[in-house]
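Engineer: First the structure, which I've put down as structure tokens, then a few questions once you've had a look.
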Amino acid sequence: MRIVLITGISGSGKSVALNALEDAGYYCVDNLPPHVLPELARYLAHEGQNRLAVAIDARSSASLDEMPGLIRALSREHDVRVLFLNASTQALIQRFSETRRRHPLSGSPSHDADVGLLVSLEEAIERERELVAPLAEFGHQIDTSNLRANVLRTWVKRFIEQKNDDLVLMFESFGFKRGVPLDADFMFDVRALPNPYYDHELRPLTGLDQPVVAFLDALPVVHQMLDDIETFLVKWLPHFREDNRSYLTVAIGCTGGQHRSVFLAETLAARLSRQASVIVRHRDAPVAVDASSRLVT
């Protein structure tokens with residue numbers, strides 16, 4: 001059975017991800033107590049269901065300590081994938097304010113208070129980060145701070161299409177002016193490269209458009225940086241495999257996330273596609289949804 005566990009921070013998009021999996025034919029359960037999961041998997045397998053998606057968050061805090069061992073045990077019998085959704089505190093506060101929802105932990109007494117004061121939203125978010133942090137190491141992390149819901153749904157569908165027998169390498173382009181991604185294992189700053197933005201004909205385009213591709217591809221310094229990053233990754237990918245890593249996110253950042261970082265992410269994804277299963281995602285570039293997150297084959 002394929003089991004997808006969705007966890008992370010409240011407000012980071014777990015409901016959106018779960019809905020995307022339901023549309024893909026998964027049997028979906030929100031906030032299932034972890035200890036019930038093995039029994040549910042056995043029951044569904046007996047009933048002929050082969051795809052299960054479960055969202056787990058801090059509302060199950062009493063059982064979160066069981067999750068690492070539970071994931072290992074389930075992985076011996078099933079194809080288990082863990083998706084850990086994260087977002088910046090600022091983005092989460094804005095989302096809770098817009099929806100007027102209450103954070104699951106906001107009604108708990110503050111650890112620092114001698115009386116029964118309720119914690120602030122920011123305190124609740126930070127407490128939840130501590131509770132769910134051990135689960136992050138088991139799956140792929142994705143920063144949804146700057147993701148639209150439709151882009152997240154597209155990315156989740158790409159995520160479940162990946163084979164589970166190899167390390168998945170994700171190249172993510174971004175713009176520093178919108179903040180650094182929280183989900184990056186490695187981050188490369190390419191702002192030292194010539195910027196197509198200063199060419200008025202190239203400014204409205206992206207690193208996916210042929211005129212920008214031609215501009216950057218003609219520069220030796222761009223190829224030097226590409227070669228250096230590729231050499232580093234090719235050297236260290238075997239070590240990550242030996243460490244049983246399932247996912248590795250490489251973030252490529254330029255000023256706005258529109259030209260240079262997009263071109264380099266695309267080029268590196270193509271170069272490394274024979275070394276690993278590859279996903280490329282463009283966080284900040286104004287591109288179509290189907291181009292913002294895709295598999296590289």
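Every residue, even glycine, has its Cβ placed from backbone N, Cα and C.
Just lifted these from Swiss-Prot, have a look:
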| type | residues | note |
| --- | --- | --- |
| BINDING | Gly8, Ile9, Ser10, Gly11, Ser12, Gly13, Lys14, Ser15 | ATP binding site |
| BINDING | Asp57, Ala58, Arg59, Ser60 | GTP binding site |
Engineer: Within 8 Å of the Cβ centre of Gly8, Ile9, Ser10, Gly11, Ser12, Gly13, Lys14, Ser15, which other residues of the chain have their Cβ, at the recorded ATP site?
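Structural biologist: Going along the sequence, the neighbours appear as Asp57, Leu85, Ala87, Thr144.
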Engineer: Filter the binding-site residues Ser12, Lys14, Ser15 down to those whose C-alpha lies within 10 angstroms of the C-alpha of Asp57 (GTP binding site); answer none if the list is empty.
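Structural biologist: Within 10 Å Cα-Cα: Lys14.
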Engineer: List, in sequence order, the same-chain residues at least six positions removed whose CB sits under 8 Å from that of Arg59 (GTP binding site)?
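Structural biologist: Listed in sequence order, they are Asn31, Pro104.
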Engineer: Counting other Cβ atoms within 10 Å of each residue's Cβ, which of the binding-site residues Ser12, Ala58 comes out lowest?
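Structural biologist: Ranked by other Cβ atoms within 10 Å, the binding-site residues Ser12, Ala58 bottom out at Ala58.
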Engineer: Through the lens of DSSP with three states only, how would you label Ala58 (GTP binding site)?
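Structural biologist: Helix, per DSSP.
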Engineer: Taking the Cβ of each of the binding-site residues and counting other Cβ atoms inside 10 Å, which one has the highest number: Gly8, Gly13?
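Structural biologist: For the binding-site residues Gly8, Gly13, the Cβ with the most other Cβ atoms within 10 Å is Gly8.
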Engineer: Round to the nearest Å and give the CA-to-CA distance linking Gly11 (ATP binding site) with Ala58 (GTP binding site).
Structural biologist: 12
Engineer: Which ones in the same chain are close to Ser10 (ATP binding site), with CB under 8 Å and 6+ residues apart in sequence?
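Structural biologist: Long-range Cβ contacts: Asp57, Ala58, Leu92, His103, Pro104, Leu105, Ile125, Glu128.
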Engineer: Can you see whether DSSP assigns Ser12 (ATP binding site) to helix, strand or coil?
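Structural biologist: Assignment for Ser12 (ATP binding site) reads coil.
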